[in-house]
């Protein structure tokens with residue numbers, strides 16, 4: 001979970017820490033810990049540890065697994081109301097619509113293609129919850145869905161098999177404070193579903209010209225092409241390949257008048273493979289274009 005208000009950095013919420021063996025391991029690793037303990041016999045030891053630390057550990061007498069009892073009204077610890085608990089911990093509520101999936105998806109796509117972070121050890125399958133809007137971007141097709149079809153669409157479809165596991169209305173997560181199990185009446189949210197999506201890296205991603213060393217060129221090429229989905233592809237390739245864009249498209253049997261928003265992910269990969277073999281392809285021109293667009297607009301995301 002994120003840091004509590006006024007306390008930057010990640011926080012681990014630990015339930016029933018008991019004698020605090022795992023707690024000490026987390027603390028020694030530099031992690032901030034909020035320990036919820038319901039057994040009073042363990043509280044003195046945990047509180048003693050808390051007093052010897054400068055705010056790194058917070059101990060609360062609470063049974064997390066008995067939060068929000070069925071009755072309403074006053075309750076005594078270790079039975080607590082979740083609103084009361086998070087208020088006590090100074091943890092602010094975050095709207096369901098305040099997700100940052102797009103930034104995370106970009107970080108993950110760079111990590112995937114460059115075999116960094118979680119992908120350093122191989123093909124890691126991700127199950128990720130995201131908004132319906134971002135799911136539709138990831139799975140958008142060229143042409144008819146051009147408005148949604150973006151660089152993220154091409155890069156994720158090229159790199160991973162994408163499978164929708166479950167779609168849940170956002171209204172399921174909005175409750176009326178007086179009757180917690182009932183949806184809030186009249187609730188209206190844009191992009192009204194949350195999607196559980198599985199993303200499995202393709203076995204054949206790193207074949208041909210695509211390696212973790214050359215993949216950044218592919219990412220930049222796709223991003224540059226899809227700044228505007230109605231740009232003529234040949235005009236963009238000509239700027240990198242010394243006016244020989246028609247040769248690239250001819251090899252792949254792609255029409256010279258095609259727009260960037262009409263090209264399928266596998267065709268973008270094909271262009272990358274041909275350019276990589278071309279002696280006329282100047283990568284510095286591609287990266288110069290990216291640099292200019294980064295300065296002139298919000299290009300990265």
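Every residue gets a Cβ built from N, Cα and C, even glycine.
Annotation source TrEMBL lists S-adenosyl-L-methionine binding site at 1, 37, 93. The domain 'Ribosomal RNA adenine methylase transferase N-terminal' annotation in TrEMBL covers 4-203.
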CB neighbours of residue 37 (S-adenosyl-L-methionine binding site) within 10 A? 25
Please give the average pLDDT for the domain 'Ribosomal RNA adenine methylase transferase N-terminal' (4-203) in this predicted model. 83
